[in-house]
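What TrEMBL lists as transmembrane segment is A:6-34, A:55-74, A:80-105, A:117-142, A:162-186, A:198-220, A:232-253, A:260-279, A:299-323.
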Amino acid sequence: MDLEIIGILVLWTFLFGYTMIASIDFGAGFFNAYSEFTGKEHILSSIIQRYLSPVWEVTNVFLVFFFVGIVGFFPRTAFYYGTTLLVPVGIAIILLGIRGAYYAFATYGKTKQKRYTFLYGASGLLLPASLSIVFTISEGGFVSINHGEPRLDYWALFTSPLTWGIVILSITALLYISAVFLTWYADQAKDKRASQLLRTYALTWAFPTIIAAVGIIYILRSHNPIHYENLLQLWWMFAISFIFFLGTVWLLIRKINYGLAFTLLVAQFAFAFYGYGFAHYPYLLYPHLTIYDSFTNKAMAISLISAFIAGLALLIPSLYLLLKLFLFNKDYVHGQASRHY
Amino acid sequence: MINEDAVYYSRILTELTLSFHIIYATIGVGIPLFIMIAQWIGIRKNDEHYILLARRWTRGYAITVAVGVVTGTAIGLLLSLLWPKFMEVAGHIIALPLFMETFAFFFEAIFLGIYLYTWDRFANQFKHLLLLIPVAIGSSVSAVFITTVNAFMNSPRGFDLVNGELMNANPIVAMFNPSMPTKVSHVVATAFMTSAFILASIAAYRILRGSKHVYHRKALHLTLTTGLIFSVSSLIIGDLSGKYLAQYQPEKLAAAEWHFETQKEAPLLLLGFLSDDGDVRFSIKIPYALSILAHGSPTAEVTGLDRIPKDERPPLYIHYLFNIMVGIGTLLIIVPLLYWIGIKRKWTWIKNKTFMWLLVLGGPLSMIAIEAGWWLNEVGRQPWVLYGVMRTAEGATTSEQVDLMLWMFSALYMMLGIGSVIVLTRMFNKNPIERELKERYT
């Protein structure tokens, strides 16, 4: 296998990991704020806080991993995306800052205020919107090269249906992912009321997610025909993804086996995410940048891959320990173990 | 093509972000060691005070780490957003330590999460202490990797420049560049030193506010004695850094010392200021000292700014930064030394108000020294972003919106800065040690 492909697979996997756990995180923040405003916080807050507190820093590292890794494996992306993404990613950093501040001040510092919770919840919806701009730009048509410098055409970007389609998908998907996960988590904690409420949220957002995804594929047909053709060739990946989706919904409706429902959901998004990624190959930015012309030198690629393998050997056991202590520890999830520090 | 406005605002935004981040980063690297020492002593001596010391420090630490995660993510992304051309080059040669730093931080974040939420979950306290080791290792190793990248910017190695193209990259040689050993050890030692004096100033402040509890005395003693060790080692490494500069970046040393003419038996200028016509006024001249600092011999020749092309000279105001850093560093050797001798000889004046105030000042002063040191390092490398290879202006973005970003980020840092001060003071004022001890035994 080409080093280029190994590199992009590693990064794509991290990005997938980030979209899943960040979706859970962002969505949980939103549901948390939403429940405060609808007077249901007594049902949801404790379960959400309990899950979120120990893992948020880890969520953030996935993102850092991705952008440090992409500059390492594909240094040219720094030039193209770095120059054009200043504003959208700048805004995303500020929003991440607001979330970090919430953890630092409200959770660790124990200063609860409604407006923090609100800001925190709102940032969870705005973040996917600003981060998903990167996917939109990568489809091409928004970046032109002017005197050798890439320029982002904001007018074209904000008037394109593709932009808004992707924004809508990112928000519906994150609410759906988050609700399914939290349904399961609340069920594990034997918190029936929270679990039932979250289950209705999950069912609410299930079909909007699929409609948004289909809509984007339709828009791509005219926006980026090459990508569209490639997507059609991988139709079977999306078909499998859809079957998993039906499985999740069926389990949710029947109120059985939420653990399996969440597993199927991860599989659904994995097939869709990798299908989309394979169809995007070899472009990082249509039509300017491919994984081949932006790739780093061989020595760097090999040392990065070696570092990656060594790093995983260290991280996987540690992550396992974290999950075992907090996510799958019955006492902790049930709220019997101490949360004081 | 260079966009002058974008270069200017990119520099300010980077300076602002780094100056803010370094506060939290320094604390983040240094404090875990002290939590570890305190918890260790607490377990060994079976002394509840030390355990609580560790526990309370951890609570404050969790907040600074959370803010540090935000500012760290910000600087990580801003590097690519503001300096895309520099990062393209850097990506080719020095991406390895940058990549490994994320692993180190990942490792730290996981175990910090576990450590924070498992204080009372282990029957054996020692097991809980073990969880802190990966946190301390992770944070120190993060500092090592990131400083390695900065060292590379000061002395780039591990590639050949052929017709302006970087060829034959060797990531390992790039990592172990000439400035790496001194820079990395100086950063790590001063992080421990600064953290020690910050914790000491908290204890001294509580004593000044009238708390008679032996808890604060224990904290003060622990932090000042370890602080002394680290300030002495910072001084020794600082001397080695001077020798590194003389050999590899002579213009940085010359500008920092206002050493204008190349000469043997060079004197060292302390303090003073530069008049409008470029004369040095009111400075203290120490004969031979610069030759000794630069080469370890009083007669050695030290390169002056006269040998450096005009457009490659760093700004001369770095002399002030150098003085601030060295001055504070020296003070923070003398003060804990006096304290230590005073304890041994039972001097009473080390417990009086003036000396306590001096100890309170120690924390903020050491942070100012950290800032001055980083400014000296970064401004002293100008006009280069990558020494001898790429000028700062060549590495910058050409985007039109950098000024807007500067305002937005200033607001974010203001919120984080003010927020962390308010939350930290409120947290400890609400729950003073006397109260916490009482609650634990009732």
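Note: Cβ is positioned from N, Cα and C throughout, glycine not excepted.
All TrEMBL annotations are machine predictions without curation.
Note that this is a predicted model, so its numbers are computed, not measured.
Counting residues 6+ beyond its ends, the transmembrane segment (A:6-34) has Cβ neighbours under 8 Å at 41, 44-45, 48-49, 51-52, 55-56, 58-59, 62-63, 65-66, 69-70, 73-74, 99, 102, 117-118, 120-125, 127-128, 173-175, 177-179, 181-182, 198, 201, 266, 269-270, 273-274, 277, 281, 291, 295, 301, 304-305, 308 in the same chain. Stretch with the most C-beta contacts under 8 angstroms to the transmembrane segment (A:260-279), considering only A:162-186, A:198-220, A:232-253: A:232-253. Tertiary proximity for the transmembrane segment (A:232-253) is limited to same-chain residues at least six positions away from its ends with a CB under 8 Å from its CB atoms, namely 180, 183, 199, 202-203, 206, 210, 260-262, 264-265, 267-269, 271-272, 274-275, 278-279.
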